Amino acid sequence: MFGIPCRASLPSGDQTLQSKEEKLEPIMQMDNQITPKKVRSFCSFRYGLSLLLHLCNVALMAQNMCLNLTMVIMVNSTGPHSLPNTSTEEHLENIKNPVYNWSPKIQGIIFSSIFYGVLITQIPVGYLSEKYSIKKMIGFSLFLSSLLSLLMPMAAEGGAAFLLACRVAQGVAQGSALISQHMIWVKWAPPLERGRLTTLSLSGNLLGSFIVLLVTGFICQSLGWPMVFYIFGACGCALSLLWFVLFYDDPKDHPCISISEKEYILSCLNQQVSSSTQSLPIKAMIKSLPFWAIAFGSFAFHWTNTIMVLYTPTFIKAKLHVNIKENGLLSALPYLFAWSFGILVGHLTDFFLSRNILRLITIQKLFNTLGLLLPAFFSLCLLYLSSSIYSMTIFLILASSTGSFCMGGVLINGLDIAPSFYGFLKGVTAIIGMIGRLISSTLCGVILNQYKTEH
């Protein structure tokens, strides 16, 4: 699927490729290089940075997903917003958990609205992340997303249109942070550690999904659904401040990193050339089969993953008829396994590569095949299961967690084929994946609305 023989970098200086098409092809043979003396991984600064980015992704994904579960309690499908003969207890409950009359079609549009904001940022931010400070782009984007999360309950009270606008703006902020962060590893990740560092940071998205689904039900029942947005928004603001203090764009400029680790990272990446002095090889990308393989793989991954992320709580409520707390627990469990698998995939990728057990192209074909086919297979199996809570939970875990295998392939593959243009390349392939998200989430809302009408 991907013609990539090894984790490689583009050459520098007079060795710059003669044609733009060749810029997309890996050309460095690592067997001919002198391997720098490796420094410890455990407790190293680069892994601490990956962990910090992991936590930032937790906050971003929590802010992204919390509406998916609170929607279950925000929407009243049985009657108008307020009934004339409600008791005092019911009135207090409505104050703590305001209820709105939004049809499944409106809910589907609200679910997908954040992706419209993410969609418009992918290519511009991907390109700009190669030119400007990643520290500022991620820090300000995380802060803006967190601020909008704090304003979300007020927007919902104003109506669906205000909530849609707030979600689109939040999508712009989150899209900027999620796409620009990939450029960090161009300067911070030694080639044979890219799998571990990138999957550790990206798996924060999965842990964020687990946390929000685990605690949202408890927060809604005890404090009310608006507190969900306040809590995750406040956590994001705190992390954005921590980010500005601890992160630097280049390891050579960081005052806290050890000299040995700095020299190790720089020596591993000394063959890599900056894209700031090169023009984008647009024509070469269009003609590149690996590029289109990554693009269509991203589309397929996001199509399946989005359906699972958005509609798992609704599916559990419809099939198992559980309360909001049990719904949160059952919806969260698959993402704990997905988080574990994501980190495991990164370690396996680097282990197979560093020990020369498998070629990189074989590793990526293996993980892409597993990550794209297994979730679709287990999702189809859900259609034929009974309402047994145990069988349903097992197959939901399998359907959600096995998609993490794509972290060893399409989700990080652009860093291997063109690190100097990784920001732009990631933006283009991500926007194709976002199209899959938009179509699948909106289509699900329309289908569910039609189903409700017929039944």
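Glycine residues also receive a Cβ, built from the backbone N, Cα and C atoms like all the rest.
Per TrEMBL, domain 'Major facilitator superfamily (MFS) profile' is recorded for 43-455.
Summarising the annotation, TrEMBL assigns transmembrane segment to 47-75 (among others).
TrEMBL lists 106-125 (among others) with the feature transmembrane segment. Panel annotation: around the transmembrane segment (106-125), residues 64, 67-68, 71, 75, 137, 160, 163-164, 167-176, 178-180, 310, 423-424, 427-428, 430-431, 434-435, 437-438, 441-442, 444-446, 448-449 of the same chain, lying at least six beyond its termini, place a Cβ under 8 Å from a Cβ of the stretch.
Tertiary neighbourhood of the transmembrane segment (137-156): same-chain residues 56, 59-60, 63, 66-67, 74, 98, 100, 125, 128-129, 162-163, 165-167, 169-170, 173-174, 176-177, 180-181, 225-226, 229-230, 232-237, 239-241, 243-244, 247, selected by CB-CB distance under 8 Å and a gap of 6+ residues from either end. Under the heading transmembrane segment, TrEMBL lists 137-156 (among others).
Here TrEMBL flags 197-219 (among others) as transmembrane segment.
Away from its own ends, the transmembrane segment (225-248) comes close to residues 49, 52, 55-56, 59-60, 62-63, 66, 70, 73-74, 97-98, 134-135, 138-140, 142-143, 145-150, 152-153, 212, 216, 219, 254-256 of its chain (Cβ-Cβ under 8 Å, at least six residues beyond either end). Among the features that TrEMBL reports, transmembrane segment is placed at 225-248 (among others).
Within the chain, the transmembrane segment (289-312) has long-range Cβ neighbours (under 8 A, six or more residues past its boundaries) at 1-4, 24, 65, 68, 111, 209, 213, 331, 334, 368, 371-372, 375-376, 379, 396, 399-400, 403, 406, 409-411, 413-414, 417, 425, 428-430, 432-437, 439-441, 444. Annotation source TrEMBL lists transmembrane segment at 289-312 (among others).
Under the heading transmembrane segment, TrEMBL lists 332-354 (among others).
Under the heading transmembrane segment, TrEMBL lists 366-386 (among others). Packing against the transmembrane segment (366-386) from elsewhere in the chain are residues 1, 297, 300-301, 304-305, 307-308, 315, 345, 349, 358, 392, 395-396, 398-400, 402-410: each is 6 or more residues past its ends and has a CB under 8 Å from a CB in it.
The transmembrane segment annotation in TrEMBL covers 392-412 (among others).
Look at TrEMBL and you will find 424-448 (among others) tagged as transmembrane segment.
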